[in-house]
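**Q** Straight from TrEMBL, here's the annotation block:
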TRANSMEM  33-53  transmembrane segment
TRANSMEM  59-81  transmembrane segment
BINDING   Glu119, Asp148  UDP-alpha-D-glucose binding site
Amino acid sequence: MEWREGEEKRMGKNGYLPLFGTRPARGLVFFRSYAASIFIGICFICFHRVSYFPVTERWVWVGMFVAELWFSFYFFITVIVKWNPVFRSTFKDRLSSRYEEEELPGVDIFVCTADPRLEPPTMVVSTVLSVMAYDYPPHKLSVYLSDDGCSDLTFYALLEASGFAQLWLPFCRKLKVEPTSPEAYFQTTPEPVDDAFMANEWLIIK
């Protein structure tokens, strides 16, 4: 991507590549033109309200004017937020080049579930295994599951997953698997037929 290449050319003051890139949103000319037309309309309405004060039905006039002022305030707040939006993308591969493993902080990840019928244990297990397979020092990564439903089914599913994790995590690190969720990976990744050894290992894990 062009904007990523531009970020790579710019080195920080400490000599490292930036950890994230910034890209401005497209189509701002159309949005700002639309906002300007609404602003002009608001100015005409306010000018009309101030220059013309009816003799009768004043409370109706005041109510309409207050409603229009509230709409104008809401419009300005919305435009300010959307006036110059940007998109940021992180470069996770640069983190290890900037910091040594000892300098990385410990990370705690909480996975929450409540109802095994709405959130099947297989989905919960895939989520837990996916975060356990993050490219991060294992001794600094802790994963916790919070089951508000106290489901026995979820408990035994996680118990089985703890055994499967001993196969899945080395498999992820060896092949640099993406995505790291077992369910998502096997649904989107075809079997590696070119390498017989890898194909056999792939089938065993699946």
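Any Cβ shown, glycine's included, is placed from N, Cα and C.
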**Q** Would you count the other CB atoms within 10 A of the CB of Glu119 (UDP-alpha-D-glucose binding site), including those on all shown protein chains?
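**A** So the Cβ neighbour count for Glu119 (UDP-alpha-D-glucose binding site) comes to 17.
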**Q** What residues, ordered by sequence, lie under 8 A Cβ-to-Cβ from Asp148 (UDP-alpha-D-glucose binding site) and sit at least six positions away in the same chain?
**A** Cys112, Thr113, Ala114
